[in-house]
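Going by Swiss-Prot, these are the annotated features:
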- C210-C249: disulfide bond (DISULFID)
- N141: N-linked glycosylation site (CARBOHYD)
- N147: N-linked glycosylation site (CARBOHYD)
- N160: N-linked glycosylation site (CARBOHYD)
- N179: N-linked glycosylation site (CARBOHYD)
- N252: N-linked glycosylation site (CARBOHYD)
- 1-92: topological domain 'Cytoplasmic' (TOPO_DOM)
- 114-267: topological domain 'Lumenal' (TOPO_DOM)
- 93-113: transmembrane segment (TRANSMEM)
Amino acid sequence: MGKALSHVAKHTCHDECQDSLTSSPGYSAMQTDDSKSGGDVSQFPYVEFTGRDSVTCPTCQGTGRIPRGQENQLVALIPYSDQRLRPRRTKLYVMASVILCLLLCTLAVFFLFPRSIDVNYVGVKSVYVSYDQSKRIVYLNVTNSLNITNNNYYSVDVANITARVQFSQTVIGKTRISNITTIGPLDMKQIDYMVPTTIADEMSYMYDYCTLQSIKVHNIVVMMQITVTTVYFGHAEQVSQEMYQYVDCGGNTTALHEYSLNTPLTG
């Protein structure tokens, strides 16, 4: 008897709830909308947009299209784990890029900054002497040595060496050597060059001195002038030196003469 009453009560409540729902204004509005649309879901068919009237859907992984002009009206739903919701750390990347650029610029300036190229005159390496007795001329082939040091972190080319020998305010010999050698980074090379000289004309009196048999050493003082031209990265640099040197005009000499009166640096 109790079960029957419970069932009847539940059925009665169901009918009353349904009547209350159907009589509500919201339900009537929904029924009105359905009646206008015919109650058929075919009013919302699947439409594929192609061509210029559509754009790529940003949340469809490039496989869908949406009508053009509705980009600001449609709302895209993406998963919470999507990469686009994560912070891009733009400031961190920009700061790291700036620090890396500054480091590279500092290294480039350090290694490419031009440093000095040192030229050290070693001395006279050898002297070959010959005479012209009839014309009272003294010929001297003077071979000199230079130490050229490259203090840069890149190679430099020794383009040419210009040398002059001067005796008693008169230039008695000069030479020019081109395309000599290449010096590596932080390296040093010794270069030998020969200057042919002639003592004649108003200095013919030196013939008697150089051929005098009563003395063994016939030293004369000459001024050596050298200009070394180096090239790196298309830039030419010149280093000049002047020094006074003893030269024996009385006979051939093969020993290195390291002594000089002074070695002032002029370039």
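The backbone N, Cα and C atoms fix where each Cβ goes, and this holds for glycine too.
Where Swiss-Prot records a feature, it is marked here on the structure.
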residue : record                      : DSSP (3 states)
N141    : N-linked glycosylation site : strand
N147    : N-linked glycosylation site : strand
N160    : N-linked glycosylation site : strand
N179    : N-linked glycosylation site : strand
C210    : disulfide bond              : helix
C249    : disulfide bond              : coil
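Remote same-chain residues near the transmembrane segment (93-113) are listed as 153-154 (criterion: CB distance under 8 Å, separation of at least six residues from the stretch ends). Looking at the topological domain 'Lumenal' (114-267) alone, the prediction's average pLDDT is 88. A C-beta separation below 8 Å, combined with a sequence spacing of at least six in one chain, links N160 (N-linked glycosylation site) to R176, I177, S178, N179, I180, V228, T229.
The local packing around C249 (disulfide bond), expressed as other Cβ atoms within 10 Å of its Cβ over all shown chains, amounts to 24.
For N147 (N-linked glycosylation site), the same-chain residues that are 6 or more apart in sequence and have a Cβ closer than 8 Å to its Cβ are D118, V119, N120, V122, M188, K189, Q190. By a simple count of nearby Cβ atoms, those within 10 Å, the most crowded of the glycosylation sites N141, N179, N252 is N141. For the pair C210 (disulfide bond) and N141 (N-linked glycosylation site), the C-alpha distance works out to 15 angstrom.
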